């Protein structure tokens, strides 16, 4: 079983690293002038998801939640086990902070999409400040969560009692855990990981409906290309909103394990195995729907070296895929009120 999940983690993590690195490159060097400010949000996504994918391959985590109790046991089977337990603990803290920051970033993207229906687009500096504000809760989580992990010597005797049906002494990975989930750091971190997810998604879909309603109201003053561009961006954001549902599935798996309703090593491995799908698949939405990015991807596939040598943005017009016809992104970001 461990071999299957090891292959799973490596495959999705490497794919995610490649796609997010490609997206970051395109957002930095190939974004038309008209979407330079919005590209700040795209770069934020790509950087966050790249780090998340890289850390997933580094950690390859198995989570054993003690049924009905306030304790957790982690087993790290990735390369971090060859460096030391502290690297696994810090790595997990930063992996989880990437996961939460991705969710907040998605909310920011939908909020910004709604904002520019009524206002001019914001500068890159203002967007960067907003990203930093949304990042603060996740940063606090990253800097504190790893400090509450117990050592192998502390957790192993307890883990034997909690999971007598496992031979945990034979585990070759780094064994650690949290003995008390009721302390403030644990409550903050676990709460920040699990609780905002569903309220944020409800808010996102409310914003999505408001955006659709506003587009219907304003459609008589929009050009066909502008309406098509808004429609395609909304589709991209909607698809991107569904991709992190994998995180929701992982959270559900965790609650099933913590409640004791389901006990299975497959479930324990699957919590983090499912979560990696979100950052690995997320960049595809931008790589496909943002027309300049999609065109550069096609050119890259045809000639992988030429695009790396040419970092000029080229055009000042950005368009979204719209049923085969171009849509001006400049008008998308500056819709008339």
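Just so you know, glycine gets a Cβ as well, placed from its N, Cα and C.
Some features that Swiss-Prot has for this protein:
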type     : residues : note
TRANSMEM : 2-22     : transmembrane segment
TRANSMEM : 90-110   : transmembrane segment
TRANSMEM : 130-150  : transmembrane segment
TRANSMEM : 187-207  : transmembrane segment
TRANSMEM : 236-256  : transmembrane segment
TRANSMEM : 270-290  : transmembrane segment
Check the transmembrane segment (2-22) against each of 130-150, 187-207, 270-290 and return whichever range has the most CB pairs under 8 Å. 270-290
Close approaches to the transmembrane segment (130-150) from elsewhere in its chain (Cβ under 8 angstroms; 6 or more beyond its ends): 40-41, 44, 74, 86, 89-90, 92-94, 96-98, 100-101, 104-105, 107-108, 112, 122, 176-180, 183, 185-186, 188-189, 192-193
Positions whose Cβ lies under 8 angstroms from the transmembrane segment (187-207), at least six residues beyond its ends: 96, 99-100, 103-104, 106-107, 110-111, 113-114, 137-138, 140-141, 144-145, 181, 241, 247-248, 251, 254-255
